[in-house]
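Heads up, the thing below is written out as structure tokens.
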Amino acid sequence: MQLLKDKFGRVHDYIRISVTDRCNLRCVYCMPEEGLTFLPHEKVLSKDEIVSFMELMVKFGIKKVRITGGEPLLRTDIVEIVRGLGAIPEIEDISITTNAMYLAKKAEALKDAGLTRVNISLDSLHEDRFKAITRGGRLQKVLDGIQKAEEVGLFPIKLNVVLIKGQNDDEITDFLRFTKDKDINIRFIEYMPIGHAGTSWKEKYLPLDTIFEACNEAGYEYEPVDSIRGNGPSENFRIKGAKGTFGVIHPVSAHFCDSCNRLRLTADGYIKACLYWDEEMNIRPFIQDPVKLMQLVQKAIDNKPENHEMALKLQDEVQSNKPTWRRMSQIGG
């Protein structure tokens, strides 16, 4: 099998597929509150295009798929997309990242269709604050979604918490306490300067050492763990006696580019080899032309930088006062 390897020796076996740029929330670090323009439906990859693309990609070693958005559960055919991917025997793992507003309704059907596990965005455990950060989200719907995911067996369940200075950094111990009784993985993620978030990044960024300081102040003893399926770049720990775990993902302060094994496919059919790099290849016209398609995929991988050089990119954007990246919901979270 010919593997998808870049010039630095990194083998790519994992792809994140955005199935929509639309979302029912407007999280402060992801999207502006108004003035958004979304892709017309005909510009978005269809179920058949996504499945055809993946039937080719598995021949080159891709074996893990994460479905993202936007909010992927807004797709009326999301269960059929999962079922189509689940019918490809070479795919070992199918996961989804969701805000969980509709997860309680769809979790069982998704599990039956072949979904392996779920990541849920949850940035506050306080109703009013959660509503403010998401600009309209309902915390109870997320909690109901978590419960339903547990009931149907979508394990491991991971909760993604973007740490935002002055907005939810006083809830760290609340989230840590959440792991004591629930078999879930809380993942604290550094605030990233992407698209809409780029202009306010420095004001809201907190290094993830803050997590360990909170542990120590609360008197929590913790130890590293490394047995969580699909843990990716997360460094994981368990508080003594807890059922669940917590992890830290620090793409800003300690990037993990040297072990990056992932590609991204945007909802409109562009391959990106690096989340923080502008270069992308439009593969949609060639989904039925496997030779040309794989040439473009390999070209994207060949051009992948050794690391994302985020600091340099930020400096350029601050000077021009104009972020050049797509917003996160356009790339796929």
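Cβ atoms here come from the backbone N, Cα and C positions, even for glycine.
Remember, predicted model here, so these are calculated numbers, not experimental data.
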Of the candidates Met1, Met192, Met281, the one that Swiss-Prot places in the S-adenosyl-L-methionine site of Tyr29, Gly70, Ser121:
Met192
Candidate sharing the GTP site with Arg16, Thr97, Lys158, Arg262, Leu263, Arg264 (per Swiss-Prot), from Arg66, Arg229:
Arg66
If one looks at the chain holding Cys257 ([4Fe-4S] cluster 2 binding site), which residues at least 6 apart in sequence have a CB under 8 angstroms from its CB?
Pro305, Glu306, Asn307, His308
